[in-house]
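**Q** Here's a structure for you.
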Amino acid sequence: MASANHPESGSISGYDHGSRRILIVTGLSGAGKSSILRVLEDLGHEVVDNPPLNLIQALASRAGQNLAIGIDVRSRGFEASRVLEELERLRLLPDCSVQLLYATAEPEILLRRFTATRRRHPLVTSGTILPGIEQETALLAPLRANADLVIDTSDLPSPELRQLIETRFGSTGGEGLTVALMSFAYPSGLPREADMVFDARFLRNPHYDPTLQPMTGLDEAVVQYVKSDPAYPAFFGHIQSLLELVLPRFVAEGKKYATIAIGCSGGRHRSVTIVEELARILPKTVPVGPMMVLHRELARKGLASWRWAVPPQDPSQDTTV
C-alpha cells in the first residue's frame, strides 16, 4: 500500500553535504500548497509563489539559501510538460538537490474546503466547482506522476501537515533515502503517505490487561508482553528481512523518502513496540540515510513527538576529503 514516491535523477549514493535544496511545490488548488510553502519559509527557505515559468532558472541560479518555488495552473505560461522541462534543467545545476512535491486531496474534501472558505476555483468562472477540480487533476497528472513526494492532505490536519514538512525538510541533510517509521491505529485511517503497511492486530493485545492498558509501547512492561507472543519473533523477523531487502533497492532507484507504517487497533501498544524495535535494529543493518520515528496516535494525544532515530548528518561536522 503506497503513496508512490518517484525517483529523481542525479546522484543518490550517500550525502551531498554542500548541496542547496530547490523544491518545486505544486498540486491541486485547495490541497495545501500555500500551507506547505509557509512552513518551508519558516524553515528558512526563500519562497517564490507562482513566478512565470521562464523565470525559474534565473531564480534558481542565484546563489543563496534553500529555495521553494510554488507552481500551479495560475502560473504564467503553465503547461505540465514545460514544468517538467524546467525541472530537468534545474537538475543540471551544480551542487543543487532538486525535488518535486505534489499536494493532493480527495475531490469531496477539496469541494468541502472551497465551500467553507468561499474561494473561487482558478478554473471555474461560474457554476459548480467539481468540473474545475477534475480539469485541474487532468492538467496536473504528469506532475503527480513525476513527483518525488506526493502529500495527500485529505485527512491531514494543519498541525500534522506542518510536522510532516518539518520532519522532511527541517534538516540540513543532503541526498539519500530518509526513512520514516510510523505507528498508527487502523480505526483512525491508514496513513496516506505510507509506502509499506504492516498489520500487527493479530498479536496479543496489552489493552486487555488492566495493568498494561494505560501504558504504551514505550514502556518496557508492554514491550515484553508484546514480544512474548509466540508469533512475534517470526512476524518481526519477516518485516526486518523484507525491509533489509527493499530499502537498499529504494536507494538504488533514487527514492528520497520511504514511510514504513505499522498498525494495530489503538496505535498505542503493539505497533509502537514494533516501530521502536525497527528503529533500534535497522540502522545497524540497512545503509540508508536519516531515519525518523513518529507514533501518530501518541502524538495526537500529546504522549510522544517525532524524533530522529538516525539524525541527518551535520555538514559542519563532515570529515570527508
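A Cβ is built for glycine as well, from the same backbone N, Cα and C atoms used for every other residue.
The following feature annotations were taken from Swiss-Prot:
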type	residues	note
BINDING	G27, L28, S29, G30, A31, G32, K33, S34	ATP binding site
BINDING	D72, V73, R74, S75	GTP binding site
**Q** Would you mind checking how many other C-beta atoms are within 10 angstroms of the C-beta on S75 (GTP binding site)?
**A** 20
**Q** Here the binding-site residues are L28, A31, V73; which one has the lowest number of other Cβ atoms no more than 10 Å from its Cβ?
**A** V73
**Q** Should S34 (ATP binding site) be counted as helix, strand, or coil on the basis of DSSP?
**A** helix
**Q** Does DSSP put S75 (GTP binding site) in a helix, in a strand, or in coil?
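**A** For S75 (GTP binding site) - judged by DSSP and reduced to three states - the answer is coil.
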**Q** What whole-number Å value do you get for the CA-CA distance of R74 (GTP binding site) and S29 (ATP binding site)?
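**A** Cα to Cα, R74 (GTP binding site) and S29 (ATP binding site) are separated by 10 Å.
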**Q** Among the binding-site residues S29, S34, which residue has the fewest other Cβ atoms within 10 Å of its own Cβ?
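**A** Per-residue Cβ counts within 10 Å for the binding-site residues S29, S34 bottom out at S34.
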**Q** Reported as an integer number of Å, what is the Cα distance between K33 (ATP binding site) and D72 (GTP binding site)?
**A** 9
**Q** Rank the binding-site residues K33, R74 by how many other Cβ atoms lie within 10 Å of each Cβ and give me the one with the fewest.
**A** R74
**Q** Which one is closest to G27 (ATP binding site) in space, judged by CA to CA distance, out of the binding-site residues D72, V73, S75?
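**A** Ranked by Cα distance from G27 (ATP binding site), first place goes to D72.
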**Q** What other residues of this chain sit with their CB within 8 A of the center of the CB atoms of G27, L28, S29, G30, A31, G32, K33, S34, the recorded ATP site?
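**A** Neighbours within 8 Å of the Cβ centroid, excluding G27, L28, S29, G30, A31, G32, K33, S34: D72, A103, T104, A105, L110, T153.
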